[in-house]
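Chemist: Just passing along the structure, written as structure tokens.
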Amino acid sequence: METPLEKALTTMVTTFHKYSGREGSKLTLSRKELKELIKKELCLGEMKESSIDDLMKSLDKNSDQEIDFKEYSVFLTMLCMAYNDFFLEDNK
């Protein structure tokens, strides 16, 4: 039986691959694919084009104009840290 944490990890991996490869490599997210993933999978509200550009620049460590799985994982880690901070503040 899959534990809640294992299910969460599976969801993170399958979500990446659900959007990757629609344009170009199956192993990376293009700017358009990243934008669609954020819009459909996260409740971050409507993001400005400049915000998407800034996010791409900050995540794209190898400057290839695509987000690979490692870069995507860093993004998820940053989100987890922000969620944790929110819950810590909410419990004060």
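Cβ coordinates come from backbone N, Cα and C, glycine included.
Not measured: the values here are computed from a predicted model.
What Swiss-Prot shows for this protein is this:
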type    : residues                          : note
BINDING : Thr28, Glu33                      : Ca(2+) 1 binding site
BINDING : Asp60, Asn62, Asp64, Glu66, Glu71 : Ca(2+) 2 binding site
DOMAIN  : 12-47                             : domain 'EF-hand 1'
DOMAIN  : 47-82                             : domain 'EF-hand 2'
Chemist: About how far apart, in whole Å, are the alpha carbons (Cα) of Glu71 (Ca(2+) 2 binding site) and Thr28 (Ca(2+) 1 binding site)?
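Modeler: Cα-Cα, rounded: 9 Å.
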Chemist: In terms of Cβ proximity under 8 Å, which residues at least six beyond the ends of the domain 'EF-hand 1' (12-47) contact it?
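Modeler: Hits for the domain 'EF-hand 1' (12-47): 53, 55-56, 59, 64-69, 72-73, 76, 79.
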Chemist: Give me the non-local Cβ neighbours of Asn62 (Ca(2+) 2 binding site): same chain, 6+ apart in sequence, Cβ-Cβ under 8 Å, ordered along the sequence.
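Modeler: Set apart from Asn62 (Ca(2+) 2 binding site) by at least 6 residues yet with Cβ under 8 Å, we have Asp68, Glu71.
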Chemist: Can you list the residues of the same chain, besides Asp60, Asn62, Asp64, Glu66, Glu71, whose Cβ falls within 8 Å of the Ca(2+) 2 site's Cβ centroid?
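Modeler: Checked against the 8 Å cutoff, the neighbours are Thr28, Leu59, Lys61, Ser63, Gln65, Ile67, Asp68.
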Chemist: I'd like the Cβ neighbour count for Asp64 (Ca(2+) 2 binding site), meaning other Cβ atoms within 10 Å of its Cβ, all protein chains included.
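Modeler: Cβ-Cβ neighbours of Asp64 (Ca(2+) 2 binding site) within 10 Å number 11.
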Chemist: If you measure from the Cα of Glu33 (Ca(2+) 1 binding site), which of the binding-site residues Asp60, Asp64, Glu66 is the nearest?
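Modeler: So, spelling it out, the nearest of the binding-site residues is Glu66.
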